[in-house]
Amino acid sequence: MNWTYVARKDFADAVRSKLALSLLALFSLLALFSVAVPRLILGPDATVQESLGLIAGPVQLVVPFAALVVAYLAIAGERESGSLKLLLSFPLTRRDVVVGKLVGRSGVVVLGVVTGFLVSAALVVALYGSLPVVSFAVFVGVTALFAVAYVGIAVGLSGFVASRGRAIAAALSFVVVMEFFWDLVPTGLYYLLNGAMPGQQLPAWYFLLDRLSPSGAYTYAVELVARVGAAGLVTTSDSSAETAAAIAPLADRLVGEVPFYLEGWSAIAILVLWGTVPVALGYLRFRRADL
């Protein structure tokens, strides 16, 4: 018996509690709405690029809350109820519990995300007759990674605290700071250093700091890696042309050349770090905790 037992149990419990079904419905409705809006407003003039480009914004808002709802009680909830002691009476280590919780809860959220995107893909084909498959698949993968990153954050926070109340407070505080106030950090630091508000030309550190939040990294990743942004999908066949088109706005705003740590892979790396570092820190705290 190892972490796979915990992962399967967590996933099955989510399905039985209809949590997974609720997420499937939420993401499906979100995707349907995002894809259909351009068609409803613009009619025949709407394009597949505009429809797909609209998905990223709502996803950036909904995914963090959905992931936190699924995972914030992963450890703290069972710790408070006493069921964690029963679980650890089996031949399982605390590391097995943390890894299993991460994998099981991630599976629930990713299932919802992928289903929502499949629904949107079907609607795109029905409305527009075509779908840029490769770019769309990368878009789905980046979004799934974004969801897993937030599950990792929630599981890590859940390992730090001992009660449901503290878990929800920590989760809500994190998402509010990162989703609604993080933009003030690079702006405020720039003002302190320069005595003026940010303008058109900015140093590289400003963009890096702006993208250290999960949503900041996700936004940059879908723009540069998946070629999805406010203008939709870039479907140029030449990959170098795609990269140039995606990075041009950043290059125009930078003081100097675009450094390596602002390339597309860096946004993916930031999401991976958000999905692993909080879990590791939460595990270290949970490993020493008295149950």
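Numbers run from 1 along the shown chain.
Even glycines carry a Cβ here, placed using N, Cα and C.
TrEMBL entries are annotated by machine, without manual review.
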Exercise for the section: Using TrEMBL as the reference, determine which range in 19-43, 169-193 is annotated transmembrane segment. Expected result: 169-193
Exercise for the section: State the residues, same chain only, that lie 6 or more residues beyond the ends of the transmembrane segment (134-157) and have a CB under 8 A from a CB inside it; answer 'none' if no residue qualifies. Expected result: 52, 55-56, 59-60, 63-64, 66-68, 70-72, 74-75, 98, 101-102, 105-106, 109-110, 113-114, 117, 121, 167, 170-171, 174, 214-215, 217-218, 221-222, 225-228, 233-235, 268, 271-272, 274-283
